[in-house]
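*Asks:* Pasting in a structure now, in structure tokens, and then I'll have a few things to ask.
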Amino acid sequence: MSQIIKVAVTGAGGRMGKEVVKMVLEDDTLQLVAAIDPSKSGQDAGTLAGAAPCGVSVTGDLELTLVESKPDVLVDFTTPHSVVANTQLAIKHKVRPVIGTTGFTPEQITELDELCKKQEIGGLIAPNFSIGGILMMKFAAQASKYFPDLEIIEYHGDQKLDAPSGTAVKTAEMISEVREEKRQGNPNEHETIEGSRGGYYNGFRIHSVRLPGVFAQQEVIFGGFGQTLKIRHDSYERAGYMPGVNLAVKKVMEYTGLIYGFEHFID
Ligand code: NAP
């Protein structure tokens, strides 16, 4: 039998973190060894996640917890403010980071990749762990070869901290790798209300809608002669991301360096 993978979860009491805790507890090949979320310290991680008590108490000090519990993998769903430091600490202690938190800059990703290589461990930063979300990004990149005029519209809840979403940024990057260079639209357009045309990225626009009641959706709209094409993905619940997180926790044990994007695990 293959070795059990020991998992720590940062943001264990958050909306995504609770799903991760439940997913780890339900998989016999994974063992929850630590759960970190400072404002929920002392609570049982299983109970906090809405499952049976699991005997792992939530802690507040990540470094101390990593040293004491010696996990193989750290899964992080926290905030853009804390995730970089959390990832650096994990790598420092040779704990493979699987990061779902969004808001990284390209420079931060490069730096973390170098740290992973130095420590000879694998890592993953994935702005979107859902299979449907990944397919939406791949199909959008493919369509952009034939329809270089496009706009991305992403929809999230009104409390989301970063904009555009990590998924929108990743989609824009994947499109830019294959789309012909083009600054679309009228070169003389001007905004009478600042920001009306959305964020500018490599010749096209990204729009971020933030509303209560919305979970996570994105559409990429392509315009051509006499036609439009829309590619859209709708997420309805957080559990939908867990098969992807589960696969990532296992895959990250098998390579060295930081991979950016869950699409690299899907053919
Ligand atoms: P959330 O419900 O606010 O959960 C975040 C949790 O992290 C909270 O319990 C928070 O505690 C805790 N936290 C804050 N700083 C921490 C630290 N330094 N160490 C440990 N825990 C800390 O947020 P969410 O909805 O779960 O989303 C979390 C992140 O995942 C966001 O960036 C979101 O965009 C991203 N996300 C990614 C995917 C994907 O597929 N990659 C999918 C959905 C969401 P307090 O409440 O006390 O601050």
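Cβ atoms here come from the backbone N, Cα and C positions, even for glycine.
Residues annotated as domain 'Dihydrodipicolinate reductase N-terminal' in TrEMBL: 5-129. Sequence annotations record features per position, and here TrEMBL assigns NAD(+) binding site to G11, A12, G13, G14, R15, M16, G100, T101, T102, A126, P127, N128, F129. Marked as NADP(+) binding site by TrEMBL: K40. TrEMBL lists 134-265 with the feature domain 'Dihydrodipicolinate reductase C-terminal'. The active site, proton donor/acceptor feature in TrEMBL is assigned to H156. According to TrEMBL, the active site, proton donor annotation covers K160. Taken from TrEMBL, the feature (S)-2,3,4,5-tetrahydrodipicolinate binding site covers G166, T167.
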*Asks:* Identify which of the following recorded positions, namely G11, P127, H156, T167, place a Cβ less than 6 Å away from any atom of ligand 1, and list them by sequence position.
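*Replies:* Within range of ligand 1: G11, P127.
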*Asks:* In angstrom units, rounded to an integer, how far apart are the Cα atoms of G100 (NAD(+) binding site) and the residue listed as 'active site, proton donor'?
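*Replies:* The Cα atom of G100 (NAD(+) binding site) is 14 Å away from the Cα atom of the residue listed as 'active site, proton donor'.
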*Asks:* Taking the Cβ of K160 (active site, proton donor) as the centre, how many other Cβ atoms fall within a 10 Å radius?
*Replies:* 17
*Asks:* Looking only at the domain 'Dihydrodipicolinate reductase N-terminal' (5-129), what are its DSSP counts of helix, strand and coil residues?
*Replies:* 51 helix, 29 strand, 45 coil
*Asks:* Check G166 ((S)-2,3,4,5-tetrahydrodipicolinate binding site) against DSSP and tell me helix, strand or coil, would you?
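*Replies:* G166 ((S)-2,3,4,5-tetrahydrodipicolinate binding site) sits in a helix per DSSP.
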*Asks:* Find the shortest Cα-Cα separation between G11 (NAD(+) binding site) and the recorded positions K40, H156, K160, G166, T167, and name the residue that gives it.
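*Replies:* Nearest candidate: K40.
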*Asks:* Where the record says G11, A12, G13, G14, R15, M16, G100, T101, T102, A126, P127, N128, F129 bind NAD(+), what is the longest distance in Å from one Cα to another among those residues?
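*Replies:* Between the most distant Cα atoms of the NAD(+) site, 20 Å.
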*Asks:* Spatially, which candidate from the recorded positions K40, H156, K160, G166 is nearest to T102 (NAD(+) binding site), comparing Cα atoms?
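*Replies:* Result: the closest of the recorded positions to T102 (NAD(+) binding site) is G166.
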*Asks:* Going by C-alpha distance, which of the recorded positions G13, R15, P127, H156 is nearest to T167 ((S)-2,3,4,5-tetrahydrodipicolinate binding site)?
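*Replies:* Result for T167 ((S)-2,3,4,5-tetrahydrodipicolinate binding site): the nearest of the recorded positions is P127.
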